[in-house]
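Feature annotation from TrEMBL assigns active site, proton donor/acceptor to Glu274. Annotation comment: TrEMBL describes Pro88, Thr89, Tyr90, Asp119, Arg156, Arg161, Asp186, Asp187, Asp188, His301, Thr302, Arg303 as UDP-alpha-D-glucuronate binding site. Marked as Mn(2+) binding site by TrEMBL: Asp188. Sequence annotations record features per position, and here TrEMBL assigns compositional bias 'Low complexity' to 50-61. Marked as N-linked glycosylation site by TrEMBL: Asn293. According to TrEMBL, the region 'Disordered' annotation covers 50-78. Annotated site 'Interaction with galactose moiety of substrate glycoprotein' per TrEMBL: Glu219, Asn311, in sequence order. Residues annotated as transmembrane segment in TrEMBL: 5-23.
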Amino acid sequence: MKSVLCSRFFILLPWILIVIIMLDVDPRRPAPPITSRPYFSPHTLGCGGSRVPLRRSSPVRDNLEKRNESRVQSQPQPPLPTIYAITPTYSRPVQKAELTRLANTFRQVAQLHWILVEDRATRSDLVSSFLERAGLPNTHLHVPTPRRYKRPWLPRATEQRNAGLAWLRQRHQHQRAQPGVLFFADDDNTYSLELFQEMRTTRKVSVWPVGLVGGRLYERPLVENGKVVGWYTGWREDRPFAIDMAGFAVSLQVILSNPKAVFKRRGSQPGMQESDFLKQITTVEELEPKANNCTKVLVWHTRTEKVNLANEPKYHLDTVNIEV
Ligand code: UGA
Ligand code: MN
């Protein structure tokens, strides 16, 4: 009797083991992501990219994960489109602070090339040495705004954005365009990292909401069935593209295939520059809505308060000359 029981046990043992293993491997469980590789730069992942174990480890699971990892890693990755950010900037007490905030954001974005265009006749020492230490791929340009255009009621940064466009076109004139996306990044706005993840997939021209602009909490393109059909704005709804400079991105290919598209001084008013530019390269029907069909604010049109320098000394200046 004892030997019969014993032999039954040994016959059943392998089956029991097989059932245990089968229960442990759940084929419906999706393959685990390799890393959270979103919009952060590879440096960020490289330095602190530790993966927190979320569940008890088992040898079978570990093997399965290793196989999935090698499968995903062996797939060729398409090149990440370069984001070209054109930033006009001008000398004022808060300039270095603005550029510092901007660089701190850009440094966290993979494959970003910063085109900084100074509103000056020459490059300033402040911006030159700032860029040297910024740790970002960059191009430092300069062009002064003619004095007659330095009026509060006239558009700003027209010449500087055009200089950035000219540089881009010249740089890519001979080679087949690498995938790229252009974005006009004013130096005083606030940009979330998610914004860059959204704009990176721009095929022609993409759009999204902008916070704290136009006398409202936000402005946004109105979207129906995945298409832009109008604009939620409190100012000049008659604009063909009622959108702020921070609310769109353009593919490099579109910039290169429309070589005459520029910002114009003649007849242009503040707030109309975006529309006048976009009219030259696209149509409303073509626009690609981003940020969850334009329902998320990922960029804010913040404006820095003018600093109070009432107590700056005229005489008895500080004994050292400090760059601010
Ligand atoms: C709004 C829009 O968001 C801007 O994109 C647009 O250029 C501007 O209106 C306009 O009226 O043309 P706003 O906050 O009023 O923006 O403008 P600023 O932030 O003062 O200037 C826009 C950019 O141009 C900034 O990057 C700023 O540094 C630069 N800028 C401004 C110059 O390069 N030179 C100037 O004399 C003034
Ligand atoms: Mn601004």
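Positions of Cβ are set from backbone N, Cα and C atoms, glycine also.
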### Message
As a check: which entries in Asp186, Asp188, Glu274, Asn311, the recorded positions, place their Cβ less than 6 Å from an atom of ligand 1?
### Response
Asp186, Asp188
### Summary
recorded positions considered: Asn293, Thr302, Asn311; fewest surrounding Cβ atoms within 10 Å belongs to Asn311
### Message
Among all protein chains shown, how many Cβ atoms are found within 10 Å of the Cβ of Tyr90 (UDP-alpha-D-glucuronate binding site), not counting that one?
### Response
17
#### Entry: Filtered recorded positions, from Asp186, Asp188, Glu219, Glu274, Asn293, Asn311, whose Cβ is under 6 Å from an atom of ligand 2
Asp186, Asp188
### Query
Which of these recorded positions has the least crowded Cβ, counting other Cβ atoms within 10 Å: Asp186, Asp188, Glu219, Glu274?
Asp188
### Message
Is it possible to get the count of other C-beta atoms within 10 angstroms of the C-beta of Arg156 (UDP-alpha-D-glucuronate binding site)?
### Response
19
### Query
How far apart, in angstrom, are the most distant Cα atoms among the UDP-alpha-D-glucuronate-binding residues Pro88, Thr89, Tyr90, Asp119, Arg156, Arg161, Asp186, Asp187, Asp188, His301, Thr302, Arg303?
20
### Message
Under a three-state reading of DSSP, tell me whether Asn293 (N-linked glycosylation site) is helix, strand or coil.
### Response
helix
### Message
Under 8 Å between C-beta atoms and at least six apart in sequence, can you list the same-chain neighbours of Pro88 (UDP-alpha-D-glucuronate binding site), or say none if there are none?
### Response
Val117, Asp119, Arg156, Ala157, Gln160, Arg161, Gly164, Asp186, Asp187
## Note on the structure
By a three-class reduction of DSSP, the residue listed as 'active site, proton donor/acceptor' is assigned helix
